Amino acid sequence: MFTRLITTSALTGAIALTIGSQAFAQTELAWWHGMTGANNEMVNELSKEFNESQSEYKIVPVYKGNYPETLNAGIAAFRSKQPPAILQVFDAGSGVMMAAEGAIVPAAEVLEKGGYKFDKSQYLPGIVAYYSKPDGTMLSFPYNSSSPILYYNKDAFKKAGLDENKPPKTWPEVFEAAKKIKASGASPCGFTSTWLTWIQTENFAAWNNVPYGTNENGLAGTDVKLEINSPLYVEHFQAIADLAKDGTFRYGGRTSEAKQLFTSGECAMLTESSGGLGDVVKSGINYGIGQLPYYEGHGPQNTIPGGASLWVFAGLSDDQYKGIAEFFNFLSQTKIQVKLHEKSGYLPVTLAAYEETKKSDFYEKNPGRETPILQMMGKEPTENSKGVRLVNLPQVRDILNEEFEAMLGGKQDAKTALDNAVKRGNAAIAAAQ
């Protein structure tokens, strides 16, 4: 995928580590990740395929817990001077990594160390921009980028008297369908959602073209004041809180736990990452895909990337950097990207892979599978929809989750929850400056 350079840049400023004294000794590269289920199987499959394609380097995938746990493990390992070669960091952790100058080596630089030239024009623009510095330098490699979508149980829709081939498009339509599903007994629960922070606040802002925070949600400056207690957010979360009172909406957890409520048949609708598709398919449920719901008069605008990217620490050996470059080049190959996209639901990060998938009529044969790509690429981003970048976004998400959980537990209404989240979140952001 990348262009091979005639000369390879020498490693500068890194601490050389001894890998082995024997000539042609294989260099092991630990890849710490947070993938489970079908996505963990894909990590193992790709690692095995790369290892069998050459003999100099060996990728060793290691599951380190969920996304936040993997990020924390990587930071702790770097501080103890024992970092992995590659660390998978979820979208919310990007600001943390970007702020750690000197601790990481940009992906573009790693590729040059391995003799490759990175050409950002070969990648989906929205993904490249999200993981790059303002000057365009690619900081991390976009392994599994995703967009949130609506999954729905076609059998439950049919039992409830809803059109199984017509998923709801707006949030009011989702809420009405959820009530009808529960009232009819088609499913015990009408609607659930994974990642209330990423989907229902960050992407909610982008998709409905409303501010998440000041300074273009942190992309124009680090001094950010949250704006997630404006009227549209309050209306949206109060509707969810009201549905939760009788179980029409069920809360599964802070990350992807709610996916189990859908794949088990308990809840008939789910907003979740496109990358959750592998487990949905594996469950055997009769599912359909719809675009992320929006509010009339506000959306749809564009979604922002989720999922995760691969980061490389400073202080590795020349051989490790060269091996990582070879692995990134392997992951960029069109056939690998097509496989990752078609099997997992994650986006094809290269334009070549996207075009190849279209040419094969995959999207015609699999309705809805192009939806997450079209959502992200459909419109030119506005200052509200370029993304969210906070140096402590994982911490801010924790604060929001605490307030959402109190709201869903009936301890406070949506306005109180969001007002508290803004007050506490702003204090945390200011303290992190």
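Positions of Cβ are set from backbone N, Cα and C atoms, glycine also.
Under the three-state DSSP scheme, S146 (sn-glycerol 3-phosphate binding site) falls in the strand class. According to Swiss-Prot, the sn-glycerol 3-phosphate binding site annotation covers Y67, D91, S146, S273, G307, Y346, R397.
Sequence annotations record features per position, and here Swiss-Prot assigns signal peptide to 1-25.
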Number of Cβ atoms other than its own within 10 Å, given for Y67 (sn-glycerol 3-phosphate binding site): 23
Cβ-Cβ neighbours of R397 (sn-glycerol 3-phosphate binding site) (radius 10 Å): 23
Site diameter for sn-glycerol 3-phosphate, Å, by largest Cα distance between Y67, D91, S146, S273, G307, Y346, R397: 23
